[in-house]
């Protein structure tokens with residue numbers, strides 16, 4: 001997690017990321033782009049996530065595990081909606097930073113290195129460690 005050097009911060013992320021930056025203060029100033037997009041938007045528990053490479057079972061962690069978990073949850077929700085004759089969820093990011101937060105578990109402890117820092121820390125709300133949280137699914 002951290003901050004993009006390429007993409008500007010989208011409007012739907014402004015309040016959440018600004019709150020984190022106020023908490024961070026001057027710590028790590030100049031080591032990351034404080035005006036850009038915070039990444040990622042959502043996380044999932046992904047420690048010892050089983051994957052298969054050339055038929056061999058291995059264990060992954062981090063984005064390699066959490067991205068497929070979140071994608072699977074969204075796919076299952078979309079499948080259910082389609083089975084009920086309803087529209088799929090579509091682009092979720094703006095929803096995640098508003099109404100969607102009520103369906104997420106806010107993770108408030110832990111840390112990760114990113115953007116040439118020793119560690120960003122998880123706090124209440126958005127942070128570059130666990131983002132807006134993990135799906136409550």
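Glycine too: its Cβ is placed from the backbone N, Cα and C atoms.
For 106, 107, 125, 127, the entry in TrEMBL reads Ca(2+) binding site. For residue 125 (Ca(2+) binding site), other Cβ atoms within 10 Å of its Cβ number 18.
What TrEMBL records for 1-137 is domain 'Peptidase S53'. Averaged over the domain 'Peptidase S53' (1-137), the predicted model reaches a pLDDT of 91.
Cβ packing within 10 Å was compared across the binding-site residues 106, 127, and the lowest neighbour count falls to 106.
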